[in-house]
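One structure is given below, encoded as structure tokens.
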């Protein structure tokens with residue numbers, strides 16, 4: 001028998017030490033990885049609840065196990081809130097991750113060997129949009145579009161040319177490192193021209209979409225996926241959305257269960273329900289606007305300091321800094337910033353001469369720093385510190401000076417009070 005007083009402390013101190021160290025790192029470091037954020041304690045409470053114990057294969061009202069009457073209510077809440085948040089007619093909250101959701105969309109709507117047209121990983125796309133190392137690039141005939149390297153913008157004429165040439169069964173619109181607004185009507189027009197399905201992966205901008213600060217793809221796409229973390233600020237998980245279409249809905253449900261997954265993670269679905277409720281609150285829009293304001297302020301500092309920002313700026317929560325002109329690598333810059341307790345990620349940029357393990361760029365995002373309370377003033381100052389380190393890459397004195405300022409700023413803006 002277990003006791004409600006059981007704790008990790010005193011039982012598994014090695015594990016507890018690692019957990020505590022990570023939580024302290026989150027407090028002491030400035031987080032600028034675009035895909036990371038901090039969840040509320042409410043989300044954590046739901047995810048750490050007794051729902052962890054319940055197996056519930058199937059869907060609400062159609063389970064393969066008994067005792068699901070309460071978890072049915074949990075999943076129904078998550079579904080209805082997701083539909084309300086994004087104006088969707090259909091929502092599946094069971095995908096374990098964004099990548100799982102994408103794979104399940106392909107499983108539902110494609111056959112092995114079908115052609116898909118997605119954004120190149122090297123130009124800002126995602127692994128699951130047809131990269132050769134991904135199952136999406138192994139199971140399907142993946143054709144890749146990219147950006148115009150002169151402007152940093154998606155070349156929609158090139159997308160259309162490729163679509164006409166290759167006749168894809170599905171066009172994938174979405175990104176992991178693109179700072180401008182996607183033209184969903186143009187994607188829909190191209191898809192209709194060649195008779196393709198349009199699939200939108202809005203994982204990075206879902207929070208902005210929910211707040212009405214980024215175009216909603218639902219009116220244009222046949223199916224939409226997202227993660228529930230990143231800008232949505234919920235637990236790590238996936239979500240599939242669609243307009244009313246009984247045939248597609250049945251295929252999507254069957255692809256998730258039993259096609260790709262067994263029992264859903266009910267504790268995570270509960271945390272998703274909390275996240276969606278938080279995103280429906282009036283203050284969520286103000287948060288998302290601040291995310292954009294902070295990103296634009298930071299990008300402006302880099303431009304003023306002589307660094308190339310891909311696409312010339314940002315419309316959302318992230319931007320890419322190219323270090324090609326400075327002759328620096330993303331790997332070295334990432335490491336130097338880490339020593340100053342600033343966490344970013346190295347990232348490939350257009351025309352990158354370096355390997356994906358080295359790169360010539362940095363991806364910077366503002367969801368996490370905005371959650372801890374940073375405004376434009378703090379983000380402008382922070383961008384200046386990053387430029388100082390890049391201007392004097394490898395200078396231990398500069399890194400130490402920035403680290404001291406980072407420590408003071410983190411103390412003023414704790415993640416959890």
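Cβ coordinates come from backbone N, Cα and C, glycine included.
Here the Cβ of residue 126 ((6S)-5,6,7,8-tetrahydrofolate binding site) has 23 other Cβ atoms within 10 Å, regardless of which shown protein chain they belong to. Look at residue 126 ((6S)-5,6,7,8-tetrahydrofolate binding site): DSSP puts it in coil. What Swiss-Prot records for 121, 125, 126, 127, 355, 356, 357 is (6S)-5,6,7,8-tetrahydrofolate binding site, and it gives sequence analysis as the kind of evidence.
The Cβ of residue 229 (site 'Plays an important role in substrate specificity') lies under 8 Å from the Cβ of 35, 36, 37, 39, 235, 236, 237, each of these being in the same chain and 6 or more residues away along the sequence. According to Swiss-Prot, the feature site 'Plays an important role in substrate specificity' maps to 229, an assignment based on sequence analysis.
Sequence-distant neighbours of residue 230 (N6-(pyridoxal phosphate)lysine) (same chain, 6+ residues apart, CB-CB distance under 8 A): 34, 35, 36, 37, 203, 204, 206, 207, 367. In the three-state DSSP classification, residue 230 (N6-(pyridoxal phosphate)lysine) falls within a helix. Taken from Swiss-Prot, the feature N6-(pyridoxal phosphate)lysine applies to 230, supported by sequence analysis.
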Just to be sure I understand the packing, how many Cβ atoms besides its own are within 10 Å of the Cβ of residue 356 ((6S)-5,6,7,8-tetrahydrofolate binding site)?
13
What residues, ordered by sequence, lie under 8 A Cβ-to-Cβ from residue 121 ((6S)-5,6,7,8-tetrahydrofolate binding site) and sit at least six positions away in the same chain?
127, 129, 131, 144, 176, 348
Taking every pair from 121, 125, 126, 127, 355, 356, 357, which the record gives as binding (6S)-5,6,7,8-tetrahydrofolate, the longest CA to CA distance in angstrom is 17
